[in-house]
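Colleague: There's a structure below that I have some questions on.
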Amino acid sequence: MKLVPVALMYLGSLAFLGADTARLDVAAEFRKKWNKWALSRGKRELRLSSSYPTGIADLKAGPAQTVIRPQDVKGSSRSPQASIPDAARIRVKRYRQSMNNFQGLRSFGCRFGTCTVQKLAHQIYQFTDKDKDGVAPRSKISPQGYGRRRRRSLPEASLGRTLRSQEPQAHGAPASPAHQVLATLFRI
């Protein structure tokens with residue numbers, strides 16, 4: 001009975017130590033690629049930095065002439081040309097490709113189904129919200145009410161009626177039903 005756990009422990013340690021001591025060539029290949037990339041980048045930066053003026057004598061000599069290759073410029077055709085050693089390299093960032101679209105067409109926020117449902121429910125609530133009343137009560141909108149903006153935002157027709165309904169009418173002239181309704185509303 002004790003032999004089975006001991007054998008399993010022995011096989012597990014053998015597998016663990018055997019895998020740990022085995023050399024993988026993946027790390028060596030990665031190191032080679034990394035060194036090659038770092039070396040080419042260092043050469044490129046050295047070449048570019050030597051083309052820029054570094055001292056006062058270089059600035060007095062005149063501006064350095066920079067060459068822009070057609071394949072470096074975004075949107076141009078990719079024609080193979082000989083590379084010029086002192087050419088300025090224009091790099092186009094990857095995210096600029098997505099920024100070319102018109103900003104107004106792109107919606108911000110998440111694009112999950114739940115967010116879409118929430119946005120739709122919010123729009124439906126805004127369009128069908130009957131509880132809100134965008135108009136203040138008549139007693140507040142009247143010229144005796146508060147706020148210059150409210151008095152200014154009155155429609156001209158209702159402003160004329162309001163002024164006419166408050167003016168004393170001649171006792172002999174019968175009032176129209178609309179004027180009577182407005183007069184009772186103002187009294188309330």
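Note that Cβ sites are derived from N, Cα and C of the backbone, with glycine treated the same way.
Features from Swiss-Prot:
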type	residues	note
DISULFID	C110-C115	disulfide bond
MOD_RES	R41	arginine amide
MOD_RES	Y146	tyrosine amide
REGION	131-177	region 'Disordered'
SIGNAL	1-21	signal peptide
SITE	T116	site 'Required for CALCRL receptor interaction'
SITE	Y125	site 'Required for CALCRL receptor interaction'
Colleague: The residue listed as 'arginine amide' has how many other Cβ neighbours within 10 Å of its own Cβ?
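Modeller: Other Cβ atoms within 10 Å of the residue listed as 'arginine amide': 10.
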Colleague: What is the separation, in Å, between the Cα atoms of Y125 (site 'Required for CALCRL receptor interaction') and T116 (site 'Required for CALCRL receptor interaction')?
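Modeller: Cα-Cα distance, Y125 (site 'Required for CALCRL receptor interaction') to T116 (site 'Required for CALCRL receptor interaction'): 14 Å.
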Colleague: What kind of secondary structure is T116 (site 'Required for CALCRL receptor interaction') part of, going by DSSP in three states?
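Modeller: Where T116 (site 'Required for CALCRL receptor interaction') sits, the three-state DSSP reduction gives helix.
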Colleague: Take the C-alpha atoms of T116 (site 'Required for CALCRL receptor interaction') and the residue listed as 'arginine amide' and report the distance between them in angstrom, rounded.
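Modeller: Roughly 45 Å, rounded to the nearest whole number.
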